[in-house]
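Under the heading heme b b562 binding site, Swiss-Prot lists His75, His174, citing similarity to another entry as support. Feature annotation from Swiss-Prot assigns heme b b566 binding site to His89, His188; the stated evidence is similarity to another entry. According to Swiss-Prot, the feature ubiquinone binding site maps to His193, an assignment based on similarity to another entry. Feature annotation from Swiss-Prot assigns transmembrane segment to 25-45, 69-90, 105-125, 170-190, 218-238, 280-300, 312-332, 339-358.
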Amino acid sequence: MPHQQILILFGLLPVATNISTWWNFGSMLLACSSMQVLTGFFLAVHYTANINLAFSSIVHITRDVPYGWLMQNLHAIGASMFFICIYTHIARGLYYGSYLNKKTWLSGTTLLIMLMATAFFGYVLPWGQMSFWAATVITNLLTAIPYLGTTMTTWLWGGFAINDPTLTRFFALHFILPFGIISLSSLHIMLLHEDGSSNPLGTNSDIDKIPFHPYHTYKDMLMLSLMVLALLTTVAFFPDIFNDPENFSKANPLVTPQHIKPEWYFLFAYGILRSIPNKLGGALALVMSIMILLTTPFTHTSTIRSMTFRPIMQFMFWTLVATFTVITWAATKPVEPPFTAISQAASTMYFMFFITNPIVGWFENKIMKYN
């Protein structure tokens, strides 16, 4: 009986009639999360968290374990799919003013931070050359913290350099954090249903709502099918498209790769970090590139919620998307002219979007008042 009541509630969940395809990414993220936990479990069964055996255990999974290649590729490419969905989900939230649901937005930003931490720990686990050096560079940023930095870094590493204890604790963290993500996702969904979803018009949709099932479930299923198709096509035909060639070599602390870079979904933050010549300044900019999302609910000054009717903000939003892409591209290049200057200009423009947001809102209010 209780499960029937849940189904009835799910079917009767009132949702605005006019929400577009951009609102489908929440359910796609839920599907990605489920797939990552399942494939991750099957990989963890065969993985060995030891610096001498980790790389060999990945080779063993892909070569010897039945369908191990499928699990490994689904997990790795699934992570990229996860980030494509989450960045689109955040972009939709910024464009349509979903951040004004403060509790939902703040829990979502916390989820993003947890997801990025989990993905970072996971990238270290294969113990390839790029995994090792990316971990060295990123964890070394902790030393920029005054007084406590060196102690914290040694504590995180479990020694005076990245070694076996580091890999063991990164595996433990990579295994446990997804359960935190699942818990926080449940809270995120509960907080969302407290206020209800926004819509493309940014208006109150209480007078025009339809049941979630069957209308939006079928709509969600279409996008889920397309996502699964894209994922399986990539896994089958381009399994190494997101991999770094350096990571096919076992980690060697004595040989530094020519160009150290993390996975593509961290490149925008890494590009911002690299654009500042000062270590502490770069580390702060890296943290702020994510944390600045927390400010958006408090800096919204416009009387209009959605950017649908805000042409100036639309221009700024698409400039932000272009800036994000440029920083990602520049971060793949060596630290030399003109890439350094491009990164610095793009990083400045990235932060300018969030800084000028309240000023543009105030300006729009003035124009509307005079009209």
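Backbone N, Cα and C atoms are what each Cβ position is placed from, and that goes for glycine too.
In this structure, the CA atom of His174 (heme b b562 binding site) is 29 Å away from the CA atom of His193 (ubiquinone binding site). Spacing of His75 (heme b b562 binding site) relative to His188 (heme b b566 binding site) is 24 Å (Cα to Cα, whole number). Of all Cβ atoms in the shown protein chains, 21 besides its own fall within 10 Å of the Cβ of His188 (heme b b566 binding site). Remote same-chain residues near the transmembrane segment (170-190) are listed as 26, 29-30, 33, 36-37, 40, 44, 47, 49, 104, 107-108, 110-111, 114-115, 117-118, 121-122, 124-125, 135 (criterion: CB distance under 8 Å, separation of at least six residues from the stretch ends). Of all the binding-site residues given, namely His75, His89, His174, His193, the one with the smallest number of surrounding CB atoms inside 10 A is His193. For the pair His193 (ubiquinone binding site) and His89 (heme b b566 binding site), the C-alpha distance works out to 17 angstrom. Three or more CB pairs closer than 8 A are found between the transmembrane segment (105-125) and the transmembrane segment (69-90), so contact between the two stretches is assigned (pairs 6 or more residues apart). Counting Cβ pairs under 8 Å to the transmembrane segment (339-358), the stretch among 25-45, 69-90, 218-238, 280-300 with the most such contacts is 280-300. Beyond the transmembrane segment (69-90), the same-chain residues lying 6 or more positions past its ends with a Cβ under 8 Å from any Cβ of the stretch are 22, 25-26, 28-29, 32-33, 35-36, 39-40, 42-43, 58, 61-63, 108, 112, 115, 119, 122, 227, 230-231, 234-235, 239, 241-243, 263-265, 293.
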